[in-house]
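Taken straight from Swiss-Prot:
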BINDING   CYS64, CYS67, CYS70, CYS114  [4Fe-4S] cluster 1 binding site
BINDING   CYS74, CYS104, CYS107, CYS110  [4Fe-4S] cluster 2 binding site
DOMAIN    55-84  domain '4Fe-4S ferredoxin-type 1'
DOMAIN    95-124  domain '4Fe-4S ferredoxin-type 2'
Amino acid sequence: MLPMITGFMNYGQQTLRAARYIGQGFMITLSHTNRLPVTIQYPYEKLITSERFRGRIHFEFDKCIACEVCVRVCPIDLPVVDWKLETNIRKKRLLNYSIDFGICIFCGNCVEYCPTNCLSMTEEYEFSTYDRHELNYNQIALGRLPMSVIDDYTIRTILNSPQTKNGENPLI
C-alpha cells in the first residue's frame with residue numbers, strides 16, 4: 001500500500017512540474033504577442049538604414065585629384081585609378097576610376113581618408129546579379145545616385161528599431 005501512495009505522489013509531482021513548464025512556455029508566448037513582427041515583406045517593404053550605413057560608394061569625378069589615397073588605405077587595394085600626368089601644368093589628370101563591388105568589403109576606409117571628399121557611402125545595398133562582371137562599376141556608374149528608399153513611393157518603409165505595439169522601445 002505504501003509504494004502505491006508514493007507512486008501516486010511522484011506522479012502528482014511530475015504532473016505539477018510538467019504543468020509549470022507548460023505554463024512558463026505559454027507565458028513567454030503571451031509576452032511575444034505585444035511585440036511588432038520581426039519579418040518584413042522584402043520587395044514591397046524595406047528597412048530605413050541608419051545614417052552610418054555603409055552601402056554602395058558614390059564617386060564624384062570632378063572632385064577627384066587622383067592622389068590614390070583610397071587605394072593605399074584599402075585593405076584589398078581595390079579601387080582602380082588610371083591617371084595621366086599633365087606635364088605642362090604638373091598635375092595628374094584622372095582618366096578612369098572603378099570599383100568592383102564583388103570584391104569590396106565595404107569597410108569605408110576610402111571614404112574616410114579621401115582628402116577631397118569625392119567618395120561617399122549611399123544607402124543602396126542591393127547588388128543581386130547573374131553575372132559578377134556587372135558588379136564592376138566605373139566612374140559613370142559610381143556617379144549615379146541611387147533612389148532613396150524614403151523617396152520611393154512604391155515601397156513601404158519601416159523604421160529599423162525594435163519597438164512594441166505600445167510605441168515604447170524595449171532596449172531603452
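Cβ atoms here come from the backbone N, Cα and C positions, even for glycine.
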What residues, ordered by sequence, lie under 8 A Cβ-to-Cβ from CYS70 ([4Fe-4S] cluster 1 binding site) and sit at least six positions away in the same chain?
PRO79, VAL81, ASN109, CYS110, TYR113, CYS114, LEU119
Considering the binding-site residues CYS67, CYS107, CYS114, which residue's Cβ sits among the greatest number of other Cβ atoms within 10 Å?
CYS114
Does CYS74 ([4Fe-4S] cluster 2 binding site) have same-chain partners at least 6 apart in sequence with Cβ under 8 Å from its own Cβ, and which are they?
CYS107, ASN109, CYS110
So around the [4Fe-4S] cluster 1 site, CYS64, CYS67, CYS70, CYS114 aside, which residues have their CB within 8 A of the centroid of those CB atoms?
ILE65, ALA66, GLU68, VAL69, VAL81, CYS110, PRO115, THR116, CYS118, LEU119
For [4Fe-4S] cluster 2, what surrounds CYS74, CYS104, CYS107, CYS110 with a Cβ no more than 8 Å from their Cβ centroid?
ILE57, CYS70, VAL73, PRO75, ILE76, LEU78, PRO79, ILE99, ILE105, PHE106, GLY108, ASN109
Excluding the flanking five residues on each side, which residues at least 6 beyond the ends of the domain '4Fe-4S ferredoxin-type 2' (95-124) place their CB within less than 8 Å of a CB in that stretch?
49, 53-65, 67, 69-70, 73-76, 78-84, 132, 135-139, 142, 145-146, 148-149
Could you measure between CYS104 ([4Fe-4S] cluster 2 binding site) and CYS64 ([4Fe-4S] cluster 1 binding site) for me? Cα positions, answer in whole angstrom.
20
